[in-house]
Amino acid sequence: MTVLETIAPLANREPSRAWRKLRANKGAVVGLVIILFFAVLAAMAPLLPIADPLATSWTALRKAPSAAHWFGTDDLGRDILSRMIWGAQSSLLAGVVSVVIAVIIGVPFGVISGYFGGWADLVISRVTDALLALPFLITAIALAAFLGPSLMNAMIAIGLSAMPIFVRLTRGQVLAVKTEDYVEGARAVGLGHLDIMWRYILPNVLAPIIVQATLTVATAIIAEASLSFLGLGQQAPAPSWGSMLNVAKNFLTQAPWMAMWPGAAIFLVVMGFNLLGDGLRDALDPREA
Amino acid sequence: MADLPILSVRNLTTSFLSGGVWKSVVRDVSFDVRPGETVAIVGESGSGKSVTSLSIMRLLAPGFSRIEGSILLNDRDLLALSEKEMRGVRGNEASMIFQEPMTSLNPIFTIGRQICEVLTRHKGMSRQEARAETIRLLEKVRIPNAGARFNDYPHQFSGGMRQRVMIAMALASRPRLLIADEPTTALDVTIQGQILDLIKVLQEEEDMSVLFITHDMGVVAEIADRTVVMYRGQQVEAGPTDEIFQRGQHPYTRALLAAVPRLGSMQGRKWPTRFPVVDIATGETMEPSEVAGTVARGMTPILAVKNLVARFPVRSGILGRQTGSVHAVENLSFDLFQGETLSLVGESGCGKSTTGRSILRLVEPTDGEIHLDGYDILRLDQPGLRRMRKSVQMIFQDPFSSLNPRMKVGSTIAEPFVKHKLGTAGQAREKACDLLEQVGLSSTMMDRYPHEFSGGQRQRIAIARALSLDPKVIVADESVSALDVSIKAQVCNLLLDLQQRLNLAFLFISHDMAVVERVSHRVAVMYLGEIIEIGPRAAIFDNPQHDYTKKLMAAVPVPDTARRGIRRNISNDELRSPVRPVGYQPPARTYRHVSEGHLVQIA
């Protein structure tokens, strides 16, 4: 083991303190519990004793919730509870994967732009400004339509649309951290640019990025629901909360439960991520006692 | 004894709510301020001196703080007043000025308007009256051409001038008591001298009492009638300033006084000398020892700077056209020998930091030559530059921003060693352990993060990191300026120890003349990017030739109560700006030879 191996470029300052602060924050804990609940449910979908989410039944079309179908059935007689649980997979996946895409592309560009300045900064900032001028959802829809309808493409489209926020956020943070003496000190001991960016800049700008990421997960879940609602996300017959809402809109008066469950689930998960994001923001801020 | 105290503080205890429990940060402080008197509260960071002043003005967040005891201002108990009544007291019966003149004025209003506001609010003056009174006040605080500056914004004033504006604002309501919380700490020493003079003059003219909060024993000696010494939230000693300085009872008071660098204390000494160390528990003093015979004169200098020039373009307008240059360093030459300490002294903007950073090529100089340990620094490519960094290292001013907060101190110290491939990971770890011990810390601290250390300890860690490459030259850029006096003395002693043990050469950049006198072999005084006087320490301090050197030394507050009430009568000069128009050619300079190695600029 080398001495330097222990330096993970993660928010590893006072890990226990941040965790303690997060646990003390009731809202954040509620958010975390909600997210964990849905994540476990989605992961366990194949193991749970629930109906086949794709099995149609002509004898049970649009049935209200009952002992046989706790959440009711949809227009093709499929069990909504089962579709909700399977749909959680694609919704959560879409939320997390698209944010990972946005972070993986956006943060390096932001670091380069902020650290080097000059023409690199000029180009990256101008492109980011241009992308930020486009409304998030419109960009996502256009990209998804261009890439073709599928869940993966929807995730890419959402990720790319959310990326400019991370470029700008990271760049701003880097500009602030860059002026700290320890960055100059790292140059003074002869470290290269990569070392400085990786070990001196990145760990110190990560906290606000993590927070922004959790908040963006919520946005991405809504965006995936919107894309699926438009038929650009998860494709029939596979379930996702957005596509379920999409179908349900035609039966709002006859079968309101079809819209109610996915609507409530999206609401809960988004709230969960927002609560967690707020909690993380406070927990990772060293200025807050 | 007719004089009732203006301010009478009894058993003041202030606590803060932290993590659900009340922690007292000021305990049982009692003192009086009588009419026309100046009382100083002196102490190091964390002593509770600022909290005391904020408690008196009740400026602490109500939900998270608790103030107990009694605070009588003109016989009225401030703690019994409602928040609304308190607003009538602040800035009216008692005014306050703060440390940071750069941030304590509202940048979007003119200074005239900000002062008028106080007058119309507290004194019920009409606009015209307030305007006339404001101009009178600005004249009173000796702002040149006051009438014309009424409509200027804070950014158009220098730091010292802004502090004058703050004082004018504090005086607007003719308070009986002025609370000054480190009002000169952020200012350059000549400007500090001006402001101290001003406060003394105004106190006489206005017959007010002053409560002066400071960490600087020199300032205390010069300004205070009586002194309260605070240590860790407690009042350890209070009494007439003379008593405290001559016959301080508490060991802490003596330790504090012993640690204060005194200008002139080095007369008759040949070598840099450690600060005396006082045991705070017993009050016993250990005699300081000299650091003799480290300088390798006569050999090739380890660092030779020739005709160094550093200019930075000033651009303005939409097209970013160059409208001038900051002539940060102009035609600077000096040598530094192994084992020697050369100090660069001067005030803000004199180019001393730029010089230090040019030597490490952290800024790119415009012209000149720097030879360091066989390297021609300004002609090195990237790999060469990296190798060169083994020979010269830097220690920064602020120990709170010079360490990566996300890196354990062991890794921080070992990192340069590992990155320069000077040995295996095991050796790096050993080296880090060894260095931690060398700088007076314990090798068991390797796995802690910087935030777990105090400012002085962090500076030791920064020194250990700088030493991990076994450099020959260390550029110490204001490395002890941000530290408390007792810590400052310890870190200076450490640097001197290291110089003796490792034969290091220091380029010691500082504005603090008293520290410079203590640690240097030679001194160079800088002004507007040029060295105006250079020579052996004794020559510079005992026989200064240049007017600016003399002025600089006269401005330094000395902790000697015999100097109380001195007026420096420094002219209200501003520090001049090193910004010049495009195409400006600096004049050729000539130097006069005063004595062996002592040169002074004459034209």
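Just so it is clear, glycine is given a Cβ too, placed from its N, Cα and C backbone atoms.
Keep in mind that this is a model prediction, so the values were computed, not measured.
Among the features that TrEMBL reports, domain 'ABC transmembrane type-1' is placed at A:88-277.
Among residues of the same chain six or more beyond the transmembrane segment (A:27-48), those with a C-beta under 8 A of the stretch's C-beta atoms are 85-86, 88-89, 92, 265, 268-269, 271-280, 282-283. Sequence annotations record features per position, and here TrEMBL assigns transmembrane segment to A:27-48 (among others).
The transmembrane segment feature in TrEMBL is assigned to A:92-118 (among others).
Distant neighbours of the transmembrane segment (A:130-148): 154, 156-158, 160-165, 168, 219, 223, 226-227, 230, 232-233; these residues of the same chain sit at least 6 beyond its ends, with a Cβ under 8 Å from one of its Cβ atoms. Residues or ranges marked as transmembrane segment in TrEMBL: A:130-148 (among others).
Annotated transmembrane segment per TrEMBL: A:154-170 (among others), in sequence order. The list of residues near the transmembrane segment (A:154-170) in space but at least 6 beyond its ends in sequence, with Cβ under 8 angstroms from a Cβ of it, reads 93-94, 97-103, 105-107, 109-111, 113-114, 124-125, 128, 131-132, 134, 136-137, 139-141, 143-144, 147, 205, 208-209, 212-213, 216, 219-220, 223-224, 227-228, 232-234.
Same-chain residues lying 6+ beyond the ends of the transmembrane segment (A:201-223) with a Cβ under 8 Å from its Cβ atoms: 8-13, 91-92, 94-96, 98-99, 102-103, 107, 111, 114-115, 136-137, 140, 158-159, 161-162, 165-166, 169-170, 173-174, 177-178, 180, 183, 266, 269-271, 273-274, 276-277, 280-281, 284-285. Annotation source TrEMBL lists transmembrane segment at A:201-223 (among others).
Long-range contacts of the transmembrane segment (A:259-277) within the same chain: residues 27-28, 30-35, 38, 71-72, 80-81, 84, 87-88, 91-92, 95, 211-212, 214-215, 217-218, 221-222, 225, 241-242, 244-245, 248-249, 251-252, each at least 6 residues beyond the stretch ends and with a Cβ under 8 Å from a Cβ of the stretch. Residues or ranges marked as transmembrane segment in TrEMBL: A:259-277 (among others).
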